[in-house]
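**Q** Take a look at the following structure, please.
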Amino acid sequence: MPKYDSHLKCSFCGKSQEQVRKLIAGPGVYICDECVELCNDILDEELLDVPPASTGERDGTGQKQKKSGQPRRRLTLEELPKPTAIKQYLDEYVIGQDEAKKVLSVAVYNHYKRLNLLERNQEIDPGDAVELQKSNILLVGPTGSGKTLLAQTLAKILEVPFAVADATTLTEAGYVGEDVENILLRLLQVADLDVEEAQRGIIYIDEIDKIARKSENPSITRDVSGEGVQQALLKMLEGTVANVPPQGGRKHPYQDCIQIDTSNILFICGGAFVGLEKVIEQRFGKKSMGFVRPGEGPSKEKRTADVLRQAEPDDLVKFGLIPEFIGRIPVMACLNPLDEDALIAILTQPRNAIVKQYQTLLGMDHVELDFQPDAVRAIATEAHRRKTGARALRGIVEELMLDVMYELPSREDLTHCLITREMVEKRSTAELLLHPSSLPKPESA
């Protein structure tokens, strides 16, 4: 027989340890299993009565969410943003990549028209109406070329829900990782749990090349994060009614699922596809032959981009994507690698350019910040050497500005900062703090 302490009682109902199955101790208090169960019932009832959270703020992708209880505004055919207007907006934030911008602009415009036609067909006899099928998109480009930024910029102007997902976290059902239905869950959350709105949305799946199978031939072993994920995505890309767990499927296996029809959801996939150019060159039987002087001809990155534009479905199959998956993404656009001139433009021209961001930061401390043209080019040269595209720019500028950003809030005698090429090469702006009364001047050649 277990021994009970008759002095121990539940602090809520007053029952002794002998009268309950379990008594849980806390700092000076106790609670029995019956009270715990009662609290769970109360919380469940409260959660059922609470409407979805409404913030009216922008979500993680930068898209403004609709307020709870208010339907998202539907654009008429005359109000639809034209492809040229969409591209002009993308030009304000993303440098270059005109081909990819045109592909995305046309795809988004056609997506709007498909939704508009569906609404009109519901008002007439649907049997006589023409159905417009969606054309999912594949973006191919090196790291840091702007694939994700294009998607995030699109999210700012769209009147339909837009979600961004990462393919590297996905695994086949039953294994550690995320189910493919979690992609739809992100879109559902952006739509404020409005199923009808989510079914009109757009999903961008990043790093899609990371789910390529390890070899061209089908494997006899289980590839849970490669071919298995591609198989799971097939019906979702084409159009199916998917069961989406609103709290995530792995931790809450017994919850009620929400059904979402993906037939009208536009999918945009992006990836670097490192090594695809070698597969294409093997198809053409091309080898690097002859002698080329350094500096002559296009750069290696430019040659790679030119080769990728000749990619065919068979090349993607050899890379590791299954034919069924490729067939559901009929449109492909290639992004150009960024050269030094493009990196300079990224530093200075976009609305959210890095130089403008730091000028705003220092301006809040009443300090004027200027970059000499040679300094900007030196930053771009170093970023190009690191071969990580535009992502390298912020790291270089952060390292460069560390000393000034650290000392500046405590210095009232510093009112002007001029960044020179020498400072960029030294990766330090410490000398600015030594002589704040005079502007540093570049050494004469």
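Cβ from N, Cα, C; glycine included.
Pulled the feature table from Swiss-Prot, pasting it below:
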| type | residues | note |
| --- | --- | --- |
| DOMAIN | 1-51 | domain 'ClpX-type ZB' |
| BINDING | Cys10, Cys13, Cys32, Cys35 | Zn(2+) binding site |
| REGION | 50-77 | region 'Disordered' |
| COMPBIAS | 64-74 | compositional bias 'Basic residues' |
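In the displayed structure, how are the listed features positioned relative to their neighbours?
**A** Other C-beta atoms found within 10 angstroms of the C-beta of Cys10 (Zn(2+) binding site) number 21, with every protein chain shown included.
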**Q** Around the Zn(2+) site recorded as Cys10, Cys13, Cys32, Cys35, what other same-chain residues have a C-beta within 8 angstroms of the site's C-beta center?
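**A** Near the Zn(2+) site, beyond Cys10, Cys13, Cys32, Cys35, sit Ser11, Phe12, Gly14, Lys15, Val20, Leu23, Tyr30, Ile31, Asp33, Glu34, Val36.
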**Q** Taking every protein chain shown into account, which of the binding-site residues Cys13, Cys32, Cys35 has the largest tally of Cβ atoms within 10 Å of its Cβ?
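**A** The most densely surrounded of these binding-site residues is Cys32.
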